[in-house]
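Step one of this worksheet: look at the structure below.
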Amino acid sequence: MADWRLINVLVLGIGFMFIFSAFQTCSMVEQTVITDARDAPNSTFTGNGYTSLATIYVVFAAANWIAPSVVALCGPKWSMVLGGFLYLLFIASFLYPMTWALYVGSVLVGIGAAVLWTAQGSFLTLNSDAETVGRNSGIFWALLQSSLLIGNLFSYFELRGATTISDSRRTVLFGVFSGACFLGVLSFVFLRKAPFTSSKEIQNVNISTEVVNVMEDRPAGPVKALVQSFKLMATKNMLLLSVCFAYTGLELTFFSGVYGTSVSNTKILKDPDALIGICGMFIGAGEIIGGAAFGLLGKRTNRFGRDPIVLLGFLVHTVAFFLIFINIPDIAPIHKTEDVAYFYSVFPNEYVAVLCGFLLGFGDSTFNTQIYSILGFMYPDESAPAFALYKFMQSLAAAVAFFYSDVLMLKWQLLILQVMCVLGSFCFFIVEWGASHLHGPGMYTSID
């Protein structure tokens, strides 16, 4: 007899793999594509990639509070179809860039993101129990993060040798992205209803996107979720953790949008547009390796607690920020340049750029897996508001970062990241120290 829960998880992961192979690669090349479209002869297009991405995350943050009701009304399966379709509209808008379509699409995909991720958390929970949730979340994580490899591999071959992204090249690029996204949405249609699973069976298990308890037909409405979340926000531990949440949002903005644009704008590098794809692939490799080491294998790697892993992430990101500072020109996030970096004797290097991509992805995975772990451990009975707050703060910080990314030189962006990395890590250590003294040995819980 077929294990339909496992099949559902596989189809779910494949659907997300297709959608985010398109969307995450789109985010990395968006500013470059928009700049070239704006600079084309006789162009009337006036859109801005950073503004578009900032809009996405502002709407995503706000829409977290209405998404639970949408999922309760439509069910997880059709909510994912709806959310995925909104992603498709946004990606398809790049086939023929129009300023109004860019910003309308940005609002729609922000709403779609909140609905899609809320529904994903509910559906994964419905298809898991205490014995299979680690396996299922691990399968989903691996398929999701592989999207960074697949999408950026295609981007590399398509943009290799290009000095600008022409209309014809953009049409091919986003035609393929739209097709991949459509396949992802279509795959959700084939998901089957899973047998009932009691939420008590998976309590204390961390599912990062669980923001509504649809399983027991008692969905939390947006007002109730908002009230619960703000009550939780007022607690000392959540205020401290919010600093770490905000840091993950800032560095998400940097590695998903700013870094690829900066590499592409550094014209002294060899084939910089194609290098976006290589850097994206190594960001994905870092995410997958870190997620496997500290997520799937968390029972082994977390034996000394979460603090050493967060400390490792802090050190990895600090090294990455310094290497980027000496390797990428200061003006690169804003426009194309043939300048060298901060030290005039050091020329931008392709291998260092790729290494920094890997370090950014690996460091991101260390912070996120441990945030998932500590929230799942500390708030087993308040997981919905806890994870809603995490997503809200992360999305809000990402939006703020996209707004300043178009005006601040690289050194100031890196300084903000480094300061927040220090503060976020320190706040995490305080919460972890308090939890370890309160609960004693045996407190450590991996994301599986």
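Note that Cβ sites are derived from N, Cα and C of the backbone, with glycine treated the same way.
Residues or ranges marked as transmembrane segment in TrEMBL: 7-25 (among others).
When Cβ-Cβ distances below 8 Å are used as the criterion, the transmembrane segment (45-66) is approached by residues 27, 30-35, 37-38, 97-99, 102-103, 105-107, 109-111, 113-115, 118, 211, 222, 225-226, 249, 253, 257, 261, 388, 391-392, 395-396, 398-403, 405-406 of the same chain, each at least six residues removed from its ends. Marked as transmembrane segment by TrEMBL: 45-66 (among others).
The transmembrane segment feature in TrEMBL is assigned to 78-96 (among others).
For 102-126 (among others), the entry in TrEMBL reads transmembrane segment.
Beyond the ends of the transmembrane segment (138-157), by six or more residues, the same chain brings 9-10, 12-14, 16-22, 24-25, 28-29, 124, 173, 176-177, 180, 274-281, 283-285, 287-288, 291-292, 295-296, 361, 448 to within a C-beta distance below 8 angstroms of the stretch. According to TrEMBL, the feature transmembrane segment maps to 138-157 (among others).
Residues or ranges marked as transmembrane segment in TrEMBL: 172-191 (among others).
Feature annotation from TrEMBL assigns transmembrane segment to 238-262 (among others).
Listed by sequence, the residues of this chain that lie at least six past the ends of the transmembrane segment (274-297) yet keep a Cβ under 8 A from its Cβ atoms are 24-25, 28-29, 32, 134, 137-138, 141-142, 145-149, 151-157, 159-162, 255, 259-260, 263-264, 309, 350, 353-366, 369-370, 372, 446-448. Annotation source TrEMBL lists transmembrane segment at 274-297 (among others).
What TrEMBL lists as transmembrane segment is 309-329 (among others). Sequence-remote contacts of a segment are chain residues at least 6 beyond its ends whose Cβ falls under 8 Å from one of its Cβ atoms, and for the transmembrane segment (309-329) they are 251, 259, 262-263, 265-266, 268, 294, 301-302, 337, 339-343, 346, 348-349, 352-353, 355-356, 359-360, 362-367, 369-370, 410-411, 414, 417-418, 421-422, 425, 428-429, 432.
The annotation transmembrane segment is assigned in TrEMBL to 341-363 (among others).
Sequence annotations record features per position, and here TrEMBL assigns transmembrane segment to 410-431 (among others).
Of the recorded ranges 78-96, 172-191, 238-262, 410-431, the transmembrane segment (7-25) has the largest number of C-beta contacts under 8 angstroms with 172-191.
Distant neighbours of the transmembrane segment (172-191): 8, 11-12, 14-23, 25-26, 29, 33, 77, 80-81, 84-85, 87-88, 91-92, 94-95, 123, 151, 154-155, 158-159, 165; these residues of the same chain sit at least 6 beyond its ends, with a Cβ under 8 Å from one of its Cβ atoms.
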